[in-house]
Amino acid sequence: MVNLDKGLLKIIKDESLEDYFIKANFGLEKENVRVTESGNLALTPHPKAFGDREKNAYIKTDFSESQLEMVTPVCNTLEEVYSFICNLNKVVSLEIMKNGEFLWPQSNPPILPREEEIPIAKLSNREDELYRENLSYKYGKKKQVISGIHYNFSFKEEFIKLLYKELKVEKDFREFKDDIYLRMARNFQKYHWLLIYLTGASPVFHESYIEEIKEEGEKLGEDSYYIKDDTSLRNSSYGYKNKKDYYVSYNSIEEYASDIKNLVKDKEIQSIKEYYNPIRLKSLGSEDMLESLLHKGIDYLEVRLLDLDPLSIQGVSKETLYLLHLFMIYTLLKENKEITYKDQEEFFKNHDMVALKGRNEEAVIYENGVPVLLKDKGREILSEMDEIVEILFSNNEEFKNVIKRALEKINNPHDTISEKLIKDIKEEGYINFHMRLAKEYLNNFKNKEFNLVGYEDLELSTQILILDAIKRGIEFNIMDRLENFISLSDGEKVEYVKQATKTSKDSYITALIMENKLVTKDILRENNIRVPKGKDYDNIDEAKKDFRLFKDEKIVIKPKSTNFGLGISIFPGEYSREDYDKAVEIAFREDSSILIEEFMTGKEYRFLVIGEEVVGILHREPANVIGNGESTIEELVSEKNKDPLRGKGYKTPLEKIKLGEIEEMFLKNQGLSFKSIPKNGEKIYLRENSNISTGGDSIDFTDKIHPSYKEVALKSAKAVKALICGVDMVIDNIEEEAKEKNHGIIELNFNPAIHIHCFPYKGENRKAGEKILDLLFN
């Protein structure tokens, strides 16, 4: 604890500020170039599906048209920011795959064409394009397409205010806050070489990279080179660095701004954007960063040294994120000293040495001009971090694991990311290795396409809508997780959405009409749309008494005002008084009023209407199993429910099949039970109603059905003035034109699920989430 600030550490401990200290704001900005299947830089334009890159909040371009930049919002936890970068990676990967492209998982470039063929990003602001053109003249395009990750960090304001109160300093709050971040930035500059060693992941480069650098390196395989003992080419003089090491003071904001302004005035750099220091001071809400810093102060720190980690599917591991968090805490608790020009010279020297020679067993770093073995100094820093954790965060397993893993890498360079990459690339080849990973990661995303990572508790339709919003750069906010209530903003207006399809576009009365099946039928009938005949009841005894009216009819018994097929019983054939009474009781469990109506012949189809369009049409096949001649129905259901597409609570494309009263009664009417053993290949239905919510299968019929039925669906939606609704229609023959007696509307749904149209059991994704966004924002 020799060089830790014992006074500050004591105050945080004595005043029980640990819980405030560990809370922070986190953000990530991640770059990847797009590549073809052969590992060549993709020369295609930025995908149109991502909309205007300058307005998209999450998906932009960096230097090159081929270089994507993914930006998370400010997140409250590392788990949250990690989940968000997972979702961005998935959204981007699944979109560019349509053009046969992949995200290149390495900071160093793939197979590059000639300099002049690398496309600069096409932007609306000519100054932004000119800035990039000047970079290409100065550094070369091949260096500019090196990619990496920026890690944005700030403490919660409440922690800084509590610390300000406890320390009783004689300065105003803004100055105190700025001093905290300046202190951290200075210590970061001094010790960041350790992060390069621990996270460096760009030791090898392709033969198509810069010719002069190849001459400095050694051949590793048929298509690649490396600098012996290097950890991060990107952080070295051969990578993404300024031409010179510029001295910029971090002793005050005024000195910081003045030094950078002088670099611009002397034409050393074009603007602060070209100041490629491993850490930069950042202020919110202004185009002119330096003026904003001077007038508003520091809001957060931007860490710029992270390589893409090819061994992590997201390009960065949780371990690295927790390491950085602990390191930022460490920089505040280290001694508070101003740094001189001579200090910075030493920091630059250590930076370059670790980037190019860090894996050498005898590697040294310099401290006050004295060489010290890297491994010895690394252990000392990690020991201090361990003391901090033991004093303040003794129950934090993530921090403890980070220190343990870091020590392993310090003690054995073979455990570093860079060493592992060299070994794997030597065995497989530079392009083959990275393309294998790129394809593996894409397949992983494809297998979990419908999930919004970190938000799996939301209904699947809501998850899909948010994923589509992310693709367009429409910002979202979860307002009530249990209710699936979100807000969406495109920067110009805000839309509130509940359960994916309840929006401002439909009035309250429209929802009430569709909620009430009796009123819905009356309105449709008034508009000359065929609906089933029947009666409504609000008294269970009256309903049971009328058994004699229906006993020879095919009927449906259902609640008047429920969704998702709850409480519905269907009798297409003979049924007993006991079965009838039980169905009436089941319906009354779900509502105070029920309907008993004729059962219409034909197959049932769900039409999804959004705006003036029928977006998708599904036939929902009732819950069923296919026999194998050995297993019981109960066992077959259990096996079918193991499908990863099946789950509970509308969080997967298909719902698990239930074995309840309704299923038992339906099987009984077929002379079967849960213990019956169907023949090999025999299909057994467990329900008459075909809702996905009760275990049904979804089969897309959008392009197979006669267009006249789409007109009927649109007419039905217009009759109740609905812009979003599900129309349940029974049709005798889908190839035959709609006529008076060959179809009928059995229900309108005011909150239709969209996931069944996006991930049908059979058929194509109808992009219902995108259609909702079109309705809300176009």
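Residue numbering: from 1, along the chain as shown.
Keep in mind that glycine also has a Cβ here, set from the backbone N, Cα and C atoms.
Feature list (source: Swiss-Prot):
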- 548-606: ATP binding site (BINDING)
- Asp728, Glu747: Mg(2+) 1 binding site (BINDING)
- Asp728, Glu747: Mn(2+) 1 binding site (BINDING)
- Glu747, Asn749: Mn(2+) 2 binding site (BINDING)
- Glu747, Asn749: Mg(2+) 2 binding site (BINDING)
- 521-777: domain 'ATP-grasp' (DOMAIN)
- 1-354: region 'Glutamate--cysteine ligase' (REGION)
Are any of Arg548, Val556, Phe588, Ile596, Asp728 (the binding-site residues) within 10 Å of Asn749 (Mn(2+) 2 binding site) when you go C-alpha to C-alpha, and if so which?
Asp728
Please report the number of other Cβ atoms within 10 Å of the Cβ of Phe588 (ATP binding site).
20
Chain-internal residues, separated by at least six, CB under 8 A from Pro572 (ATP binding site):
Lys554, Phe599, Glu688
In whole Å, how far does the CA atom of Glu747 (Mg(2+) 1 binding site) lie from that of Ile596 (ATP binding site)?
13
Please average pLDDT over the region 'Glutamate--cysteine ligase' (1-354) for the predicted structure.
96
Could you give the Cα-Cα distance between Val556 (ATP binding site) and Asp728 (Mg(2+) 1 binding site), in whole Å?
14
Counting across all protein chains present, how many other Cβ atoms fall within 10 Å of the Cβ of Tyr580 (ATP binding site)?
21
How big is the Cα-to-Cα gap, in Å, between Tyr580 (ATP binding site) and Asp728 (Mg(2+) 1 binding site)?
24
Long-range neighbours only, meaning 6 or more apart in sequence with Cβ under 8 Å: which ones does Asp728 (Mg(2+) 1 binding site) have?
Glu604, Tyr605, Arg606, Phe607, Ile745, Ile746, Glu747, Leu748, Asn749
